[in-house]
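So that you can see what the record holds, here are the features copied from TrEMBL:
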TRANSMEM  6-25  transmembrane segment
DOMAIN    14-59  domain 'Cardiolipin synthase N-terminal'
TRANSMEM  37-57  transmembrane segment
REGION    83-106  region 'Disordered'
COMPBIAS  87-106  compositional bias 'Basic and acidic residues'
Amino acid sequence: MSRILIAVVVLYAAIAIYSVFDCALRERDLIKIMPKAAWLAVIVFVPVIGIVLWYLFGRTSFPQRRPSGPAAPDDDPEYLDRIAQSVRDEQDRRRRMRERGEDPDA
């Protein structure tokens, strides 16, 4: 019986220590409902229930998505406009060279 009790206490201590470090080192954006200090107090002063509450309600694995810019250059309308303008400029340059009798590929 004492071995089981020791194992349970060691397991609880490991989970409690992990929970404290998890909360303390987690970025503010990844903590829900209460501030970090409040969660640390709940984890430490409300033994089993505090840890359960932390894992169920306090932490999130993914940061809140913030609107971001285009993921790739071809998703950016300004980039596509610049590309289209450079293609038009190159076509105009080649047309003017042909009109002057020059070889545009030289």
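Every residue, even glycine, has its Cβ placed from backbone N, Cα and C.
Sorting the compositional bias 'Basic and acidic residues' (87-106) by DSSP state (H, G, I as helix; E, B as strand; all else coil) yields 13 helix, 0 strand, 7 coil.
Across the domain 'Cardiolipin synthase N-terminal' (14-59), DSSP helix (H, G, I), strand (E, B) and coil residues number 37 helix, 2 strand, 7 coil. The list of residues near the transmembrane segment (6-25) in space but at least 6 beyond its ends in sequence, with Cβ under 8 angstroms from a Cβ of it, reads 31, 36, 39-40, 43-44, 47-48, 50-51, 54-55, 58-59.
Per-residue pLDDT, averaged over the domain 'Cardiolipin synthase N-terminal' (14-59), rounds to 92.
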